[in-house]
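Data block below; observations after.
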Amino acid sequence: MTPTQNEIHPKHSYSPIRKDGLEVPETEIRLDDSPSGPNEPFRIYRTRGPETDPKQGLPRLRESWITARGDVATYQGRERLLIDDGRSAMRRGQASAEWKGQKPAPLKALPGKRVTQMAYARAGVITREMEFVALREHVDAEFVRSEVARGRAIIPNNVNHPESEPMIIGRKFLTKINANIGNSAVTSSIEEEVSKLQWATRWGADTVMDLSTGDDIHTTREWIIRNSPVPIGTVPIYQALEKVNGVAADLTWEVFRDTVIEQCEQGVDYMTIHAGVLLAYIPLTTRRVTGIVSRGGSIMAGWCLAHHRESFLYEHFDELCKIFAQYDVAFSLGDGLRPGSLADANDAAQFAELKTIGELTQRAWEYDVQVMVEGPGHVPLNMIQENNELEQKWAADAPFYTLGPLVTDIAPGYDHITSAIGAAHIAMGGTAMLCYVTPKEHLGLPNRDDVKTGVITYKLAAHAADVAKGHPGARAWDDAMSKARFEFRWNDQFALSLDPDTAIAYHDETLPAEPAKTAHFCSMCGPKFCSMRISQDIRDMFGDQIAELGMPGVGDSSSAVASSGAQEGMAEKSREFIAGGAEVYRR
């Protein structure tokens, strides 16, 4: 693997864990010395992948692991159709910016085989992917296997996406975040979407969903998958709808099935399937303030009403399971009836669908197909935990994957914040992955800056939840930052931050000179009123006496604070301080 050279801070470097032939990426942060001695480098999780030419794509990391198991074979695959790239491509007569990199024949399971990580885990097999994840998460490989076998965690790794670096989604592991990208009929291009992918993974996105609904859907996805070191998710109903000229009532199982196989062959790792939207649940949404806000949910609701029957996703769910088991594609069971406003949170429609999703989870597990369950949405803070509890109960602890939730509806332009509040809360309660929200939510398609803001905000929420859960090692990052802050190691503070660029820019707005990077104050308080500098001076001046006094108010009446000797000593030090001019900073 070739490490990337363009690090987000000069103190960062690619420093993989190497063991048993595996090379698991991590970022090492070099730290300056403390007054008391040197600091060990600090290591953090890395999602960005190796530096490559986007026209060539990433190295095929897992290819040999997949073929060595002897349970897959190449085959011709479905015929590529121009409609795969949408109506604009049909009008043009060709797709734009066709992928010209490697195009190996697709793989799928041999007859009678299931090539999912769950199937291997249930058979007692620890795969190379599980070993990779164990090193990445600093846990035992057997623990990874057992969590996947029980359905409490998933490793989304399509056999046709060998470029991906294995990662795990489960509540007993680090909380993960997803970034949504994708074009629309109004804006964006293939180049922009690949750039957004690389930008999102640079800042820490653990998975990326391609939600393209505009031109060149197939080709855009090919470019994204071939350049993605993280799992790629999709909502295949979007592309299927494009194939029937945008008319939901014209969708058929045959069109949808063909679209799913197309995406399986390309290497999509997980797919959002809104199979829990049942005909009987649609009337439950009629009194909502915001109705059905999920695109996929509204498409399937429209289809159910047009045909007055259960959706083809529900009726053909077992067949979908069989297809997914051939490629190791994971279900992301979509919450098509999620609430789009606080007024609709935790209502009958939302929870009826969730209960059905729980039943579908069990059916998928019968085929050894990995599953995660999608959740809301817009939920007041006091109603969030009920979502965790019911998902864990009805979906048997399958990983929960939520969009926020937003905890208030009054802040367009700031919904990355309104949702991060809810995201931290729901992740603390057991949600395994958080789908980011950008400042453009409800307003427009996010650009690169919005993607970065969304990723950083959600990395913050995920980390806060990991700290609150007591996840092993999570607080060490905070402690390293606190130590650097107290010792005025400014460059270390920048390097340890989630977003060094912004931290440096804010610092340098008022103190741009290079000597300010070693000053024992910032522009917030200035040199005279910096609490940490004063605290350091107190330690330097009275360190021995503080140590002798111990903790005031702790212990019995015979404590050092209560003793007459201690009181006399403090009185003497008081007189010395006043006689010396009563200045904290001695000149």
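Counting begins at 1 with the first residue displayed.
Each Cβ is built from the backbone N, Cα and C atoms, and glycine gets one as well.
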- For the substrate site that Swiss-Prot assigns to ASN180, MET209, TYR238, HIS274, SER294, ARG295, GLY296, ASP335, GLY336, LEU337, ARG338, TYR401, which of the candidates GLU142, GLU147, GLU366, GLU374 is also assigned? GLU374
- Message: Of the residue ranges 155-175, 554-574, which one carries the region 'Disordered' annotation in Swiss-Prot?
- Response: 554-574
- Under a three-state DSSP reduction, the secondary structure at SER294 (substrate binding site) is coil
- Those binding-site residues of ASN180, TYR238, SER294, GLY296, ARG338, CYS530 having Cα within 10 angstroms of HIS378 (Zn(2+) binding site): ARG338
- Message: Please report the Cα separation of SER294 (substrate binding site) and CYS530 ([4Fe-4S] cluster binding site) in Å, rounded to an integer.
- Response: 50
- Note on the structure: As a whole number of Å, the Cα atom of GLY296 (substrate binding site) is distant from the Cα atom of HIS442 (Zn(2+) binding site) by 16
- Query: Just counting, how many other CB atoms are there within 10 A of the CB of GLY336 (substrate binding site)?
  - Reply: 32
- Query: So how many of the residues in the region 'Disordered' (1-58) end up helix, strand or coil by DSSP?
  - Reply: 0 helix, 19 strand, 39 coil
- Three-state secondary structure of HIS442 (Zn(2+) binding site) from DSSP? coil
